[in-house]
């Protein structure tokens, strides 16, 4: 298979499972972590590799090196593998998802932004979501037609215990302390702002075609999703917070090997479900509007991505993320997305607008 974003958290865990199950790796891609990429090259001996910056080419221990977005497209096209794991972070992963589907490859998707910004351009029946919530939903839905509502859970992120007034001056270091999951910087900030949960809701809509979706806080991250049925019953999916489970479910057809420990029900702490506070997590206010107009995902994602990286560089405060998103939405409204080129155009326009407005 092809693993894009191989040096990130999802990529590393995907390769762990690939090694365990003797899955051959035809191609790897990464951003800047050339040291880890070289270790992966030595272990998996891929036919091709792709890196972000051509300037780093001399550092890579490989002969067949592609570079940047154009290189990624060429590499995926040259690969014979029919299975692509896309674990690239952010909007940068969209092109790879599009080319993989165009070539008829099965897409194991950790890059949720592909669906957030361009869900209507994908055949989601050929996508396997690498996400604990969506893997849980798939298991719970299981061909049932009598679904009333879906729920995914949120931990509350790094600032669950913080008072609203204290969020104004939080540091990047504080924001990156996720209570339950070990993830990359971008998604950890998205978890703290609840933008991640907003994205997972629209992702679930594109994957399963159900608009009756909500999220609740379950701060232990032991319940990942719930499915409410018309007969009055509710099913819930429990597991430890470990991405290896949903990766294995996406990349292996059938397996009986355990990649994580089962929960010990008798040792499990008491669980509590809570409503998401819109005062503390104002971004989540956009849920119903986004489900009504999924094309808003292009504006929200571009704004969020731009603002999160500004925050990570200490160039703005944490609360500026939500403020900037609402500012962009006020300016652009519901975008007219008729073709995939419109997605790229709006993404560019939103970033340019915020670059001017948020100085």
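Each Cβ is built from the backbone N, Cα and C atoms, and glycine gets one as well.
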Which of 184, 209, 232 belongs with 7, 8, 9, 10, 31, 32, 33, 111, 113 in the NADPH site listed by Swiss-Prot:
184
According to Swiss-Prot, 131, 133 bind Mn(2+); identify which of 54, 200, 218 is listed for that same site.
200
Return the residue out of 178, 240 that Swiss-Prot annotates for the same 1-deoxy-D-xylulose 5-phosphate site as 112, 132, 133, 155, 191, 196, 197, 200.
178
Quick one: of the binding-site residues 9, 33, 131, which has its CA closest to the CA of residue 112 (1-deoxy-D-xylulose 5-phosphate binding site)?
131
All chains considered, the count of other Cβ atoms within 10 Å of the Cβ of residue 196 (1-deoxy-D-xylulose 5-phosphate binding site) is 25
Once the chains shown are all counted, how many other Cβ atoms turn up within 10 Å of the Cβ of residue 178 (1-deoxy-D-xylulose 5-phosphate binding site)?
19
Fill in the CA-CA distance, residue 196 (1-deoxy-D-xylulose 5-phosphate binding site) to residue 31 (NADPH binding site), as an integer in Å.
22
Once the chains shown are all counted, how many other Cβ atoms turn up within 10 Å of the Cβ of residue 7 (NADPH binding site)?
21
So which binding-site residues out of 7, 113, 178, 200 end up within 10 angstroms of residue 131 (Mn(2+) binding site), measuring C-alpha to C-alpha?
200
